[in-house]
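A.B. asks: My questions all concern the structure below.
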Amino acid sequence: MFAATAQRAFGFGRMAAPTKSAPYTRAVVNAMRKLYPEVLADKSFDNTGLLLEAPYDPLRRQMNSVMLTVDLTKAVADEAIERQDSIVVAYHPIIFRGLKALTLNDSQQSSLLRLAAEGISVYSPHTAIDCARGGLGDWLADIVTGTPTELAEDEPPNELTEDETLPDENPADDSAFIRTSSPTKKPPSEPATDGDASSTHLAPKRPIYMLQHHPSQLDLKQEALSLGGQNHKRYPIRSTAVPGYPGAGMGRIVRLPSPVPLPEIIDRIGLGLGNPKGFPIAVPQGKQASEMTIQSIGICAGSGGHLFGEMEKDGEEVDLLFTGELSHHEALAAIEKGRCVITLFHSNTERGFLHGVLKGQLESTVAEEWERIRNEEKQKDGVDEHLMEALNDEHVEVHVSEMDRDPYGIMISKAEAPPE
């Protein structure tokens, strides 16, 4: 018993074989590089590609599954280990700068060490997805242009036609926090009245707050928004310098053929991103959101400040900045110039892409790559029975993490029943 354990743990009793990653992991990496070439990534600051290549042990092989996530947190690592995924595709690089040590004292390093011990690799595409044509920038552009999405089978279509408009906002509401769900009929702090005079003597309801995180969109069953659903002009804020990739670049600028009311844009964003409880916007002082019309939009997933600065230096004027986050001073400068700003928190502009686009792309592309690798490996000499067993498994799975979420949520005010 001890000898068998030692043999597996330390390799006693068998010749050392060349260290490789799992064949299925190689299929996933090949598929990602085919869909979103690493050459498109912004290497001036980014760290993309295969960041952790875990050695493959045929005696303890993982499932033929890949997990998609925006951030590789401890909870996400636990999820991948529990399901025995072969590889995690983490949009944000967990290794961003040089490491001088790998220890268990650091939470991110600990996750990497635990994943490696389980034979799970980590790949990060980050700005390659941002830059690619049909990638994250185009997905967000599809949303703001009103291109319809495929809804779940039990949901009715909810698309705006050219003749439909949204109800005007309450003119007395100066809040820059726009709710995309229907408002309650009565303010939460208003005491209940049902015609009984005694009800006015009830203790006022105390406001309580409930933390709401952005929807994960895991309940959406169909694929992404299709490109070019409405007549408009679209081009990158900064085009890629890599030859052979027309239309690729960082960020997107959208120019609509005619002005659209800002509340309609807000409705499109809410629908396209899973109907969150609300998100912050900024409008010029003295204006209401219902008074603003939008004909041009600057789009950047994640943090848009730097890229929007480049856009302005290039002389590109837009009516709306749509991004994940913008600093206080950047937002203030924008509204002083008459622009509007919509932010969703950093990763909420990225997470829906994983389920809406990348999952479906990988399911088909990984299947092709896995078939090719299986056939190639089977033709090699000296394939042992354990590796052959893995190569005979044609099963392919792609999952989106259920634990991944933006660190920020929104505290929604609710009404608490009066004490008895």
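Keep in mind that glycine also has a Cβ here, set from the backbone N, Cα and C atoms.
The annotation divalent metal cation binding site is assigned in TrEMBL to His92, Asp130, His346, Glu350. Summarising the annotation, TrEMBL assigns compositional bias 'Acidic residues' to 151-172. Residues annotated as region 'Disordered' in TrEMBL: 148-201.
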A.B. asks: Can you give me the same-chain residues 6 or more apart in sequence from His346 (divalent metal cation binding site) with a CB-CB distance under 8 Å?
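C.D. replies: Those within reach of His346 (divalent metal cation binding site), by Cβ under 8 Å and sequence separation of 6 or more, are Gly302, Ser303, Gly324, Glu325, Asp406.
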A.B. asks: Once the chains shown are all counted, how many other Cβ atoms turn up within 10 Å of the Cβ of Glu350 (divalent metal cation binding site)?
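C.D. replies: A count of 23.
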A.B. asks: Please report the number of other Cβ atoms within 10 Å of the Cβ of Asp130 (divalent metal cation binding site).
C.D. replies: 28
A.B. asks: Tell me the Cβ contacts of His92 (divalent metal cation binding site) under 8 Å, same chain only and six or more apart in sequence, or just say none.
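C.D. replies: Listed in sequence order: Val70, Asp71, Leu72, Ser124, His126, Ser347.
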A.B. asks: Taking the recorded divalent metal cation site as His92, Asp130, His346, Glu350, identify the other residues of that chain whose CB atom sits within 8 Å of the mean position of the site's CB atoms, giving them in sequence order.
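C.D. replies: Going along the sequence, the neighbours come out as Val70, Tyr91, His126, Leu136, Ala301, Gly302, Gly324, Ser347, Thr349.
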